[in-house]
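Here the structure is laid out as structure tokens; the discussion comes afterwards.
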Amino acid sequence: MIRWSDFSPSILESIDWNRCLEQLELCSSRCPSAYWPAIHPIAIMAIIGAKEHHVDPQLSQIAQNDKTIWYKKPNLRLLYLILIPTGLGVEWTSGFDSSMMNSLQAVSSWFEYFGRPNSSRLGLLSAIYSLGALMAIPFVPYFSQRLGRRRTILMVSWIMVLGAGLQAGSRNVDMFLASRWVLGFGIPFAIINASSLIGELSYAKERPIMTSLFNASWFVGAIVAAGITFGTFQMSTTWAWRIPSLLQLVPSGCQIVFMPFCPESPRWLISKDRGDEAFAILSKYHSEGENGEEFVRLEYAQIISTIQQEKEVASKFLWADVFRDAAMRRRFMLAGIMGFFTQWSGNGLISFYMKKILNLVGITDNHTVQKFILGNTCWGFINAVPIALIAPRFARRKMFLTCTIGTACVYTVWTVASARFAIEQSQKAAIPVLVFIFVYSPFYNIGWNALAYTYLVELFPFSQRAKGIAVEQLTVRFAVFFNTYVNPIALDSIGWKYYIVYCVWILVEILTVYMIFPETQGRTLEELSFMFEGKDVQDKVQKNAQKVLQVELEDIRERPVSRESRDVPGNTKV
């Protein structure tokens, strides 16, 4: 039997882990039960230690050498403006909901109308949103591949408008719970397709920044919700909570209004044999810089070649690809880990139960709680936007390590200060808690906010991207369900000692990021599509791309790259 103790650092560094994975695939296919007990240490280490390979970065080099700034490209500028309400705006809905539920706990009329909910009932009122999302996630990839990114977002936007209307008109707890389930059911469809659409439409040079701004947009909805609730919470009627609930439909309404003007993903169009439409979109939005025609033709050829390769190995059963091979298992493992880490890094306490955190350090006045929630939300937005613009310029691993180490330090000081307040009951001990709630935000935003969807879009090839983000959303919603249901009970039961759980957990995050997170910075999506599959597969894709260029060159020349608006959505068929 092979033991973990058999592996020294020098041995681990000398092993060809990709070769190990190939042999393990062969062995397990022949006799899984015989081989697995003996090789499980190797199997796990192979997944962790396998080196990623990158293809020749010809396309990304053209993009990086393009000196024309995006706002000097009229069509690309228009595209990014349209992606604000249609893509980034999806996170406004998510931020609005989290902030609203956080603030409603300090609204007396809401608290009284629903029978002064205890910790368990309060947890359920928040957690039912995640339960709806969990039930929706298995169906998201099917609709995404069947309908495309645009129509799926449009469909669920109507569902979330319905949910907001039901919540605003709630007559009892059951109706309120049902409305939040409807809202939760719609949100993963929107998030998965919007993040994919942003990544697949953006020009390679700005793609990491655009996908980083996706999560930062959460704060827009959160600030609006906190501000609205702060303005209504002193109303004596039920409109104190019905107005914020009703206005939750506004972000989804933005998607309904503006989505007809947004183009479809060129990669989805190519996967549906609609190459002419895809080429028209790429031609319009990606050809305005230096060497624009060369970039578009090479990008078009790489997308076709990559999707052809994906179709060759794709399984007929929708979710079978999750377990197809070691490379794909590694991707989905990373997606699942990302989901847990983005929600179990202590942010769930701040996002949903700020009132209870402040109560633990002697702040019980609802007006003060509302001001603190609004101030902290505004501070989150102020630091999240510049971080989203800057973080993608640095190596992904370094940013994630900075994030996890920083949040670990913050939570340690926060826990010590809370313990001191519990012992001394002094205002001086409470001040560090309030300060470090604000310090926490930029550290969290450096990694889990700014880079979460940037990283996910880069990890997965087109055919698996919706499923990959769906797996991330599955673990996100499971983690949020746990947070929203368990956190209030734990805070009431053991108080500040509950923070110790997060101190320990974030140390696990640091170790995990260091050991298994690959680097993806500085490449286009097609250059990253097969980074875990090895050099042979990547060489095959490159050769196929050259063949596509040669075979279709004459056809492409007959329809030359044009920056003019032709059959491009708004006008492209949906």
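For all residues, glycine too, the Cβ spot is worked out from N, Cα and C.
Features as listed in TrEMBL:
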type     : residues : note
DOMAIN   : 83-521   : domain 'Major facilitator superfamily (MFS) profile'
TRANSMEM : 78-96    : transmembrane segment
TRANSMEM : 122-140  : transmembrane segment
TRANSMEM : 181-201  : transmembrane segment
TRANSMEM : 213-233  : transmembrane segment
TRANSMEM : 332-353  : transmembrane segment
TRANSMEM : 373-392  : transmembrane segment
TRANSMEM : 429-456  : transmembrane segment
TRANSMEM : 498-517  : transmembrane segment
Recorded stretches the transmembrane segment (498-517) and the transmembrane segment (181-201) touching, at least 3 CB pairs under 8 Å: no
The transmembrane segment (373-392) vs the transmembrane segment (213-233): 3 or more CB pairs under 8 Å: yes
The transmembrane segment (78-96) and the transmembrane segment (181-201) contact flag, 3+ Cβ pairs under 8 angstroms: yes
Result, the transmembrane segment (332-353) in contact with the transmembrane segment (181-201) (3+ CB pairs under 8 Å): no
Model confidence over the domain 'Major facilitator superfamily (MFS) profile' (83-521), averaged pLDDT: 90
